[in-house]
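The active site, proton donor/acceptor annotation in TrEMBL covers GLU79, HIS233. TrEMBL lists CYS111 with the feature active site, acyl-thioester intermediate. The (3S)-3-hydroxy-3-methylglutaryl-CoA binding site annotation in TrEMBL covers TYR143, LYS242, ASN275. Residues or ranges marked as domain 'Hydroxymethylglutaryl-coenzyme A synthase N-terminal' by TrEMBL: 2-164. Per TrEMBL, the feature domain 'Hydroxymethylglutaryl-coenzyme A synthase C-terminal' maps to 175-255, 261-352.
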Amino acid sequence: MKIGIDKIGFYTPHLYVDMNELANARGVEPEKFTVGIGQSQMAVTPITQDAVSLAANAALHIIDEEDKEKIDLVIFGTESGIDHSKSAAVYVHHLLGINPQARCIEAKQACYGATAAIQLAKGHIALHPESKVLVLGADIARYGLNTPGESTQGAGAVALLISAEPRILALEEKSAYFTADIMDFWRPIYSDIAFVDGKFSNEQYIWFFNKVWEQYQEKTDLTLNDINAICYHLPYTKMGLKALRTIIEQASEEQKEQLLSNYQISTAYNRNVGNIYTGALYLSLLSLLEQNKDLKDGSRIGLYSYGSGAVGEFFTGILQPNFKEHLNKEQHTSLFASRKQISIEAYEEIFEEELPTDGSTTELDITQDPAPICLAGISDNMRQYVNKLTK
Ligand code: HMG
């Protein structure tokens, strides 16, 4: 039985800043951000969006009535959770109207959370082939104004429907994974911005990649020439390229060209969104699938997941017959086209906005946010979400 990705949804907030403008405001050469880091635009999250609403908006367009009946497990990978106790999955389960006979949990290991969720979903489907699992990866990456990490901020969510006989990508059985306790990036529970040892995190990302790539080859007897494209967790689009370059000489000349060209295509959406942590790898996969016109059914796609702290995993999937017919390319194109560029001053103001933490009641103006699902306020320490489509 094949198990894998049957549908992919994506959402990013409607506001963004241009990286040339951010560079000018920070007194650095624009090429540092656009070439050295490899980002063109950065998503900015209005106060009316959080990880829950981003994920619900991402799933909204892919889940139909039959899915709502068949989904019996929702796993929400995030490091931007809104509650220490209640899982973000329960909120999304309610907002989407998924059948109550379902399990809902949150999975956390930095950017690796959604990959963990997919692997758990795979095991669940193997035991219950008639079920479907909704995997969510949603985050808001925040390092702080004027910090080295600022140019790698971003926000967005990816929703993946995992099922038997998937129509997009069938996951292959073997996978290579590795864990080591390191402090390259972390966010203590009292802080709303991440702490990071930037250079160390880059080194560890590559070190983990080399570890799992070697392990994967040993487990499978496959080589780089057997893989048509590798999608990477993309904290910024130059990062995956640095990792790919460490192994590219293992490929034939023709294969090198294919891998490098596919790499560029796989960064298309991430370049204009920024880091979305748990969803970043799957946003890269979506870029590749929706933007590469020549990608053929049957191609083998490698996926490198990295979550600081740290866990790394390399696994592969095979593109299914007519996979292109099951993508939502038009909807994603119009999502990008409808975004609004804002000034650096406006971004800084939004960045500094905070929800109350003293239990006071707040009503937010959701008329300025075009998202169907928004955070409308807080009362009695409870977040109030609104789905404008069902209101
Ligand atoms: P920095 O230290 O300010 O930048 O921050 P830099 O000086 O290293 O420059 C960056 C690149 O721009 C360099 O290229 C420069 O040469 C180049 P490289 O040598 O690395 O290829 N550059 C220029 N290029 C063209 N024209 C110019 C120019 N000037 C410079 N004029 C850093 C960079 C990534 C450290 C910082 O942004 C940061 O700390 N980011 C956050 C951490 C991060 O993203 N780490 C990535 C690996 S860890 C990970 O992926 C996990 C994560 O997603 C979290 C999770 O798991 O939850 C972060």
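Here the Cβ of each residue, glycine as well, is placed from N, Cα and C on the backbone.
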How many Å lie between the Cα of TYR143 ((3S)-3-hydroxy-3-methylglutaryl-CoA binding site) and the Cα of HIS233 (active site, proton donor/acceptor)? 18
How many angstrom lie between the most widely spaced Cα atoms of the (3S)-3-hydroxy-3-methylglutaryl-CoA binders TYR143, LYS242, ASN275? 22
Of these recorded positions, HIS233, LYS242, which scores lowest on Cβ atoms within 10 Å? LYS242
Taking only same-chain residues 6+ apart in sequence, whose CB is under 8 Å from that of the residue listed as 'active site, acyl-thioester intermediate', what do you get? GLU79, ASP139, HIS233, PRO235, TYR277, THR278, ALA280, LEU281, SER305, TYR306, GLY307, SER308
Cβ-Cβ distance under 8 Å, sequence separation of 6 or more, same chain as ASN275 ((3S)-3-hydroxy-3-methylglutaryl-CoA binding site); the residues meeting this, in order, are ASP139, ALA141, THR152, GLN153, GLY154, LEU234, PRO235, TYR236
DSSP helix, strand and coil counts for the domain 'Hydroxymethylglutaryl-coenzyme A synthase C-terminal' (261-352)? 46 helix, 20 strand, 26 coil
What residue among the recorded positions GLU79, TYR143 has the most other CB atoms lying within 10 A of its CB? GLU79
